[in-house]
Amino acid sequence: MRVWLRRFEPHRYENARLWKLVNDHLAFVPIIFAVLANIIIWIVSLVLLHAHPRLLGPAVLAYTYGLRHALDADHISAIDNLTRRLIEEGQRPVTVGLWFSLGHSTVVVMTCLVIAVTSEALADKFDNFQAIGGIIGTSISMSFLLLIGIANCFVLYRLLKSIRIEMRRDRLRQRYARAGHQAQDGIEPTETIKTNGILFRFFSRLFRLIDRPYKMYPLGILFGLGFDTSTEIALLGIASLQGSQGTSVSLIMVFPALFTVGMLLVDTIDGAGMYLAYTSDVFRGDRVGRLYYAIVLTGMSVIVALTIGFLQMFSLILNTANPTGRFWDGVAKAGDKYDVIGGCIVGAFISIVLVSALLHWLRRTRSRRRTQPEEVTLDGLDNPPSNSLDGQVVKVKHTSLQVDVKALQSRSTAID
């Protein structure tokens, strides 16, 4: 996609508006792809299952499994945090969710294919695969979320430094404006943001391994080794194979295909939506407001990543050491509600964007009302009330000319 987009660089064509149109709507390209993939897979599935109406119910169930699993908290957290990280590096990561879901779905498809071909041989041994894969997948996702959460802490630190500098500049501008002078370049603070410590250099080198959206594909494969969703789809395929005598492997593979496009749709929308949220033009012209907005979103991403990372760490301890107590009972219940937690995270991000846009609109509206000059007509200005209009800036009716009443009065006195 990067090679294809290079053809649309501004210097390759005369009309720069076309480049702006492509750039503004770039996030919708993967969403359109995901929607088309859903339509195509559903059409093919309905054609294949037309002669087997009993399999339509399991097919719909497989699709809903994909939609639900895409909202798992580890998916949402990984996609959102890496999107924030790549934006910080100056990229346009609109396909992070797409590549992640494709990698995760690869494990599902391959598992279903193997079990569909050798269902009887592997059905009894699948619990062992699930246990081993669960340890590997959970360890990788836990480590990634904790590391990306810590790395985004540095991004949050830089944003906090930036807003402190910007607020100092605003105070200096206001001070010079009250004194009747314009702020000059030399009076503004020249403080720079430095985060070149050992930890920052370590995480910068570490995340060079995933410095492009397509590199989320292998990470998605590693996340999928937990076999939690693969178990659901594989067992669904085995049940369909045993319940319908003579069911072919091609029919069984309809289920993982529907699961894949369901998860692809939700994760792609999540990744593209977070890109739009982080690069929104709602705060155009308001640098302080934009910094506040970025701080809130980045801070929430950090909290989500660290929370889900520690939750997965506790879940791994629970599944391997089997500790008991109220705390561990709560960990088990939270692990069973990953899709609910993920949905709440998405809802929280959407709420933050909408509330931020509303507050910014109210702030701009109030600011315009304060700076708008009071309109007073000059009718009857020959005998104005004493001290009633002195010092006011008045807008002449039917024109945009602004005049100072005090200056007009002094000139009128001189003429008389």
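Each residue, glycine too, has its Cβ placed from N, Cα and C.
Now, the feature entries from TrEMBL:
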TRANSMEM  27-49  transmembrane segment
TRANSMEM  94-117  transmembrane segment
TRANSMEM  129-160  transmembrane segment
TRANSMEM  216-239  transmembrane segment
TRANSMEM  251-278  transmembrane segment
TRANSMEM  290-318  transmembrane segment
TRANSMEM  338-362  transmembrane segment
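For the transmembrane segment (129-160), the neighbouring stretch richest in Cβ pairs under 8 Å, chosen from 27-49, 94-117, 251-278, 290-318, 338-362, is 290-318. Between the transmembrane segment (27-49) and the stretches 94-117, 251-278, 290-318, 338-362, Cβ pairs under 8 Å are most numerous for 251-278.
Taking Cβ pairs closer than 8 Å, the transmembrane segment (338-362) reaches residues 68-77, 80, 270, 273-274, 277, 280, 282-283, 286, 289, 293, 296-297, 300, 304, 308 in its own chain, all 6 or more past its ends. Sequence-distant contacts of the transmembrane segment (94-117) (same chain, six or more residues past either end, CB-CB distance under 8 Å): 1, 26-27, 29-30, 33-34, 66, 70, 75, 78-79, 82-83, 86, 123, 126, 213-225, 227, 229-230, 233-234, 237-238, 241, 249, 252-253, 255-257, 259-260, 263-264, 266-272, 275.
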